[in-house]
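**Student:** My structure is below; once you've seen it, I'll send some questions.
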């Protein structure tokens, strides 16, 4: 049993899967996840570097071999889904661009001809800007174009397959990054969503309990104290939910159902929801619980409220207790039999029915008393309390429905996009493409205009810098430039130190770059340092390799 526990702990740590009832939370802390990412980054760099400089590839394209480790550190991301998504977006852009530029070179367009090369570059830049949905996915294709056009205009002898050689280096680096993400401490978006959903469910259960207790209080001040605690939990839940939609988009690049079956084998007999269904569940629960909170804030703690809470207290607390048991069982990894779980579901259903009957009887007696005594019931009291209990019933029904695993799920077919919708101009993408075209046109003059080429001996770095500093907004572009300048300064300083220490020796250079990449790989996971750290990582790779 001891070895099995150790194996389970290692598996959970290696695959970044965290149970909410884990007694070793520091193993799954953000610190360890950042360390794991920096290790993946270093291994991707070493694998791609040894593949480039320790294999026959070095003799094939010796001048462009540095693109392999460069692409590997640019593409690798925090999770497998993000890495595969970045690789997919870049390859879908690189493949048609490579084929087009190969045809251009074959027929001789742009070869030592500034005007023709400039026109072709602008066409390709517009295509990349239109196809690339994000600035990050546009950078590597634009760098490839910059390298290609700077070469065909200025180099006297060029191989006919130059563009495919450049594409080969990028493709090898991309493949290395994907494989390393899958093998070394694989962090799956699927597991992240599972962890977030369990965390949200437990906090929503606690928030629900606090709101019910505040509703049952006779004193409004005591109720407000509990509502304040519920508001704190609400903020925590909102922060956890804010990125769920984005993560779902990247989870489609992972075998989500297979991963769920592997890691949730013990819980499959009680609940088996897809990631999209889990997101819908927590979103619905969040809206219902917030509606309950709003109703309690608007409640009048008068005689009607006192009489109603006295009558429904026992039934309501019993329902909340059954509901908490359900949530605890579907979030924790400890396994129970399906029969035991269905017994808890049956208790929840009976508690729901009992509360409904109690409220109906209370309402009937209250109405009967009002008719006999001639008193009036204020509509705002009746409607507010009715809506609160309606949300209670809706939450109970929702939990009962999602925990039923015997029903066959109907898979909804995605609506196909019509030809008319496809032909509607996407003006936002067109504007981004035009901006990309202008930037590339300005940057290209430093490597294509003969007079400027002689003036700026290293004009290709200006061109590449413009490719790498693009942003979706004006403020984003300025922020990216500022981060790039700082990252370039840091990277250049370490590059100079590396050159002084080991000169141009390849493997000692790898040894000097490893601690640098390890440190900035950790820094790269910090929200405000992502791009600065990335530039600081690839700058010494460009200079020293």
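Keep in mind that glycine also has a Cβ here, set from the backbone N, Cα and C atoms.
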**Student:** If you check TrEMBL, which stretch out of 1-19, 115-133 is marked transmembrane segment?
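**Tutor:** Feature transmembrane segment in TrEMBL: residues 115-133.
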**Student:** For the domain 'Integral membrane bound transporter' (449-543), DSSP counts of helix, strand and coil?
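**Tutor:** Here the numbers are 81 helix, 0 strand, 14 coil.
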**Student:** When you scan the chain for residues with a C-beta under 8 Å from the transmembrane segment (83-103), skipping those not six or more beyond its ends, what do you find?
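**Tutor:** Contacts of the transmembrane segment (83-103) (Cβ under 8 Å, skipping residues fewer than 6 from its ends): 75-77, 120, 124, 127-128, 131-134, 136-138, 140-141, 144-145, 148, 161, 163-164, 166-167, 170-171, 174-175, 177-178, 181, 249-250, 253-254.
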**Student:** With pairs fewer than 6 apart in sequence excluded, do the transmembrane segment (522-543) and the transmembrane segment (485-502) have three or more C-beta pairs that lie under 8 Å?
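**Tutor:** In this chain the transmembrane segment (485-502) contacts the transmembrane segment (522-543) - 3 or more Cβ pairs sit under 8 Å.
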